[in-house]
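Below: the structure, in structure tokens.
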Amino acid sequence: MIRLAKVTEVTKTSKKRVSLHLVLDCISAFARFFMAYIWLAAGISKLNNRMETAQSIIAYEIFTDTWSNGLASVIGPLEIAGGVLLLFGIFLRKASWISVTVLVLFIAGIAQAWARNLGIDCGCFGPQGLGENTARDYALIILRDIFFIALSLWTVYRPFKKFALYA
């Protein structure tokens, strides 16, 4: 009788562990593939709009026009490369750390534009404008990027290695 109770208790604990691992794996898969989609979408939108991307970068008033044009040529392909690394599971942790770093830099750029009351087009997913450039607009973009950082950090600490070429 005592043995049967222990076996039942162990089975329940094992089922809880399995379901917890399944939930964590689902969150990990979502984080990895969603961030791959984000980087791919952002990069592709910039490939066909290099001039608009350069104008968006110039509006931040951080770089010279020459540097802004150079960044506009490079940023789209780099975002696509990051998305491909996440999508195919190549260097997952390193790619996610790079993602976190880039997002922190994006937040710093948005925050300085907000603090200086600059009228900018975020340029995040190609030219789209911020509308009225209200505090709410800036805050929402920063919150969105913080959410992306959280997903990237999740991938750093618990990468979804299934379907990964080289995790």
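From the backbone N, Cα and C atoms, a Cβ is placed for every residue, glycine too.
Source: prediction; values computed, not measured.
Annotated domain 'Methylamine utilisation protein MauE' per TrEMBL: 27-157, in sequence order.
According to TrEMBL, the transmembrane segment annotation covers 20-42 (among others).
According to TrEMBL, the feature transmembrane segment maps to 70-90 (among others). Listed by sequence, the residues of this chain that lie at least six past the ends of the transmembrane segment (70-90) yet keep a Cβ under 8 A from its Cβ atoms are 32-33, 35-47, 50-51, 53-54, 57, 63, 96, 98-99, 102, 155, 159-161, 163-167.
Residues annotated as transmembrane segment in TrEMBL: 97-115 (among others).
Only residues 6 or more beyond the boundaries of the transmembrane segment (138-157), in the same chain, are considered here, and those with a CB under 8 A from a CB of the stretch are 27-28, 30-32, 34-35, 38, 86, 92-93, 96-97, 99-100, 103-104, 106-107, 110-111, 113-114, 122, 124, 130. Taken from TrEMBL, the feature transmembrane segment applies to 138-157 (among others).
For the transmembrane segment (20-42), the list of distant contacts is 76, 79-80, 82-84, 86-87, 89, 92, 96, 99, 124-125, 148, 151-152, 154-155, 158-160, 162: same-chain residues at least six beyond its ends, Cβ to Cβ under 8 Å.
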